[in-house]
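See below for the structure under consideration.
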Amino acid sequence: MEGECRVLSIQSHVVRGYVGNRAAMFPLQVLGFEVDAVNSVQFSNHTGYAHWKGQVLKSQELHELYEGLKVNDVNKYDYVLTGYTRDKSFLAMVVDIVRELKQQNSRLVYVCDPVMGDKWNGEGSMYVPQDLLPVYRDKVVPVADIITPNQFEAELLSGRKIHSQEEAFEVMDMLHCMGPDTVVITSSDLPSSQGSDYLIALGSQRMRKPDGSTVTQRIRMEMRKVEAVFVGTGDLFAAMLLAWTHKHPDNLKVACEKTVSAMQHVLQRTIRCAKAEAGEGQKPSPAQLELRMVQSKRDIEDPEIVVQATVL
């Protein structure tokens, strides 16, 4: 029997829908992981709806929760997973917790989605306070092992713009030098040979040989765009990448193929259901576009590969 693998996931929580911990816990549990969730916020629903209500966890409250685990000697983890955060002091507290957990378990893997912003029509903009960037760059990324920025976030962290695949890999090398051995740029506006209906994702994994030298595996994936606005996809991606890199630690190609293929199955099912609910010619609402997670259990568990990665 395989040993227990436990994840501490510090993310947002919604009562209705699938973002943050709600998007991460189910797939991780389906794939055999124990998940301990700290809810950085508790909202009625995600903020893409017309209204939402709820509470935000303060950094001191995060510290209290962690201390509770510590005094009971149950703060033993194999992975830490974090996503969207708006507060600088909360993010700094996360770093303190990760550092302490790594002192206890030097093999702990920290998976971080450095959520800061995105590009729309070629223009990048941040949707978190700007004072989070130096915390991510100088404190979070150096303790992270796997990071999943989009192109804009990779540019922010490295201080360099990406105009080509070559420049993207130069940026990823810079990010490797900052700390993480695995960097996946989850989406970019780089051109696809298959046309403008496709998004490019890039992955780079630095592996250490027994003699101390390193070898880097690089991959490229082309994914068909889905014409809808989904929320929670980045959280789902990071959780599944955690799971599949655990199961395929030296094969980023397979880990990314399984992650992205499962994502495609979830998104296609979601858009089919949303369109059917909305009715012909009607635009689906945020509630109708909530990820069909439970219905996609089999695809999450054993995804049919529908997106191939090219090793470069």
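Numbering starts at 1 and runs along the chain as it is shown here.
Every residue, even glycine, has its Cβ placed from backbone N, Cα and C.
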Of the candidates Asp87, Asp96, Asp113, Asp299, the one that Swiss-Prot places in the ATP site of Asn150, Gln151, Phe152, Glu153, Thr186, Ser187, Val226, Glu227, Ala228, Thr233: Asp113
Residue carrying phosphoserine as stated in Swiss-Prot, selected out of Ser44, Ser59, Ser193: Ser59
DSSP three-state assignment for Glu153 (ATP binding site): helix
Cα-proximity to Gly234 (pyridoxal 5'-phosphate binding site), 10 Å cut-off, over modified residues Ser59, Ser213, Ser285: none
Rounded Cα separation (Å) that holds between Ser59 (phosphoserine) and Ser12 (pyridoxal binding site): 14
Beyond the site residues Thr47, Gly234, Asp235: chain residues whose C-beta lies within 8 Å of the centroid, for pyridoxal 5'-phosphate: Ser12, Val19, Gly20, Ala23, His46, Gly83, Tyr84, Val115, Val231, Gly232, Thr233
The one of Ser59, Thr186 whose CB sees the fewest other CB atoms within 10 Å, among these recorded positions: Ser59
For pyridoxal 5'-phosphate: widest Cα to Cα gap among Thr47, Gly234, Asp235 in Å: 15
